[in-house]
Amino acid sequence: MHKIWVINGPNLNLLGQRNLDHYEGQTFDELTQLLHTKAKEMDLIVECRQSNHEGDLVDWIQAAKSQVEGIIINAGGLTHTSVSIHDALEILECPKIEVHISNIYAREEFRRKSLVSPVVNGMIAGFGQKGYILALEHIKTLIKANN
């Protein structure tokens, strides 16, 4: 079974509590449970991580090299500002998919630039929390293609 980390950035622990027009009503714990269930159906092992601290995300990305075969990342607000996350992802050679629950290009101007996108295999945005499931499906395809 292939091991995937799903890395979530600042404020994603507040899913279900904030801005429901953009982020739906499902909580972070419910999303995590859904991902574990879907991953099991797909013969994947998923570990979901969340931190409000940029350094934690960078440390996890750096550690991923020896521990996982793929990363799904929603860096939250750090998507638009973190050169450190960009650089860590750029070095990582496994498949990487960026996910956003909302369509970042239909929101405020400052959210329309992703520093993550140039260093990942692809981005899924605007499909709600289903975007994570789409990312799981596609990352499995990428891993198989790399083996």
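Heads up, residue numbers simply count up from 1 along the chain you see.
Glycine is no exception: its Cβ is also placed from the backbone N, Cα and C atoms.
Note: TrEMBL annotation is automatic and uncurated.
Taken from TrEMBL, the feature active site, proton acceptor applies to TYR23.
Same-chain residues at least 6 positions away in sequence with a Cβ under 8 Å from that of HIS100 (active site, proton donor) are, in sequence order, ASN74, THR79, MET123, ILE124, ALA125, GLY126, GLY131. Secondary structure from DSSP puts HIS100 (active site, proton donor) in a beta strand. Look at TrEMBL and you will find HIS100 tagged as active site, proton donor.
In the shown protein chains, 16 other C-beta atoms lie within 10 A of the C-beta of HIS80 (substrate binding site). Annotation comment: TrEMBL describes ASN74, HIS80, ASP87, ILE101, SER102, ARG111 as substrate binding site.
According to TrEMBL, the feature site 'Transition state stabilizer' maps to ARG18.
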